[in-house]
Structures are given as C-alpha cells and as structure tokens.
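Heads up: the structure comes next, in structure tokens.
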C-alpha cells in the first residue's frame with residue numbers, strides 16, 4: 001500500500017476514535033464510529049487476498065449493522081425523552097438496543113462470530129489495531145452509559161464471553177484466532193465489573209492493550225502465524241521468544257505476572273456485590 005494512503009487511513013482512525021471518546025452528542029459519537037470503520041477497511045484488505053477481502057466484508061457488514069442500531073437506539077431515546085446527550089440514555093428499550101449494538105461492535109458473545117474470522121484474515125499490525133484501538137470507542141460509550149444499562153444482561157453476556165472465549169481458543173492452531181478468543185474472554189472480564197466499578201474496566205483494558213501489543217508486535221517481528229511455526233522459531237531469537245512467552249503467560253493471567261492483577265481486583269470486587277441468588 002502507498003505510504004501516504006496508509007498515513008491518511010491511520011490519521012482517520014485516530015480522528016474517528018478521538019471524535020467518539022470526546023463527544024457528548026450521539027450523532028457525533030456515531031460519526032466517529034463510522035469514520036473508524038471506513039478507515040480500517042483498507043488496512044484489513046491491503047493484501048488483496050480473498051481471505052482478506054472476506055474479512056473486510058464481514059467487518060463492514062457487522063460494524064454497519066451495529067452503528068445503525070446505535071443510531072436507532074439514540075433516536076428512540078431522543079424521541080421519548082428529548083435528550084441527545086450520551087449520559088442521558090434513560091428509555092429502557094433504547095438501553096437494551098444500545099447494549100446489543102455495543103456488544104456487536106466489541107465482538108462479545110453472542111455476537112462474537114465475526115471477530116476471529118476478521119482477525120484471521122487481517123495482517124498482524126491491523127489485527128493489533130482491531131484488538132485494541134478499535135475497541136476503545138465502544139468501551140468509552142459503555143463507560144458513559146453504564147448507569148442506564150441492564151446489569152443482569154451485562155453480567156450474563158460477560159460470563160458467556162469469558163467462558164466461550166476460553167473454551168473455543170483451546171482447539172485453535174492459528175495464533176491470530178487464539179488471540180481473537182483471548183480478546184473475547186478479556187472483554188467478559190471488563191464488562192462484568194462495569195456496573196460495579198467502571199475504573200477497573202478501564203484498568204483491565206489498558207493492561208490488556210499493553211500485553212496484546214507486546215504479543216502482536218513480537219509475532220510481527222518473528223513473522224509467526226501458526227503455533228507449529230512458533231515452536232521452531234525458538235532457536236532464531238531466544239531472548240525475543242522468551243519475552244513472547246512471558247507476555248503470553250501474562251495475557252493468560254498467571255499470578256506473578258501483570259495480567260493477574262486486574263483479574264484479582266475484579267474477583268475481589270465481585271465478592272463484595274452479593275451477586276449469588278438468595279436462598280429460599
């Protein structure tokens with residue numbers, strides 16, 4: 001791809017993200033999400049491989065549907081309450097549609113099917129953008145509207161995401177698909193605590209971004225795409241592979257490493273919420 005064109009797309013990506021996370025009006029937030037979607041599509045399909053074109057098509061259809069639902073939910077809320085402010089989402093039906101739309105944008109269960117396929121068809125650097133920067137605007141919208149959303153629905157979706165993300169990642173040989181299911185699982189951890197302690201959601205997202213960036217950039221340096229290839233690259237660059245091993249273990253949440261910290265804090269916070277059903 002032409003370097004100037006790539007620079008324009010990356011700049012548009014940053015512009016769309018900044019527009020969404022700094023806006024208070026639903027139309028501006030929606031416009032930022034659309035700019036994001038349109039700027040990442042050429043980066044996904046830059047190789048012109050059929051799998052890349054398929055990934056770009058799936059991504060576009062899913063994100064367009066989710067953006068339309070976000071716009072529809074905000075319009076419904078404005079129709080009933082007269083408010084376009086993001087923090088004033090009070091109509092129950094609008095909140096339900098908004099929750100589903102943002103879950104679709106993030107790739108949470110049960111709207112997760114597109115994400116592993118899109119990540120598998122994308123280059124590693126674009127996969128890094130999809131796993132980190134592209135998730136920041138929807139998480140920001142959740143952060144601004146969490147007080148209006150249904151905590152029971154969020155909890156069920158989060159538990160399903162954590163469970164399915166872990167189970168479905170076990171049977172994969174493609175590293176990008178493993179990282180996609182890891183992203184789905186981490187989203188579950190972020191969303192389950194959102195209603196109770198939103199700052200923990202952001203802490204988890206920041207640490208997840210840090211660890212995922214280390215993994216993707218290391219894989220991009222060693223040009224590894226499959227687990228079988230990963231086992232044979234150990235002799236080429238032992239220090240870098242050792243760092244990759246530590247980053248993967250941290251991403252898995254092994255206790256002495258950084259990735260265990262947000263999980264520990266989230267579990268500690270959840271134990272204070274008395275979420276278990278009352279005994280009859």
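The backbone N, Cα and C atoms fix where each Cβ goes, glycine too.
The feature signal peptide is assigned by TrEMBL to 1-20.
Sequence annotations record features per position, and here TrEMBL assigns domain 'NADH:quinone oxidoreductase/Mrp antiporter transmembrane' to 23-275.
Per TrEMBL, the feature transmembrane segment maps to 59-76 (among others).
Taken from TrEMBL, the feature transmembrane segment covers 96-115 (among others).
Note on the transmembrane segment (153-171): residues 96, 99, 103, 108-110, 112, 116, 177-178, 181-192, 194-195, 275 of its chain, located 6 or more positions outside it, place their CB under 8 angstroms from a CB of the stretch. The annotation transmembrane segment is assigned in TrEMBL to 153-171 (among others).
Annotation comment: TrEMBL describes 178-196 (among others) as transmembrane segment. Beyond the ends of the transmembrane segment (178-196), by six or more residues, the same chain brings 106-109, 112, 115-116, 119-120, 127, 131, 135, 139, 142-143, 146, 149, 151, 154-155, 157-166, 168-169, 172, 204-205, 208, 212, 215-216, 227, 251, 262-263, 266, 269-270, 273 to within a C-beta distance below 8 angstroms of the stretch.
If you look up TrEMBL, you'll see 202-219 (among others) marked as transmembrane segment. Remote same-chain residues near the transmembrane segment (202-219) are listed as 124-125, 127-128, 131-132, 135-136, 139, 143, 175, 179, 182-183, 186, 189-190, 193, 225, 240, 243-244, 247-248, 250-251, 258-259, 261-262, 265-266 (criterion: CB distance under 8 Å, separation of at least six residues from the stretch ends).
Under the heading transmembrane segment, TrEMBL lists 240-261 (among others).
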Same-chain residue ranges lying at least 6 outside the signal peptide (1-20) that approach it to Cβ under 8 Å:
28-29, 31-40, 42-43, 46, 129, 133, 136-137, 140-141
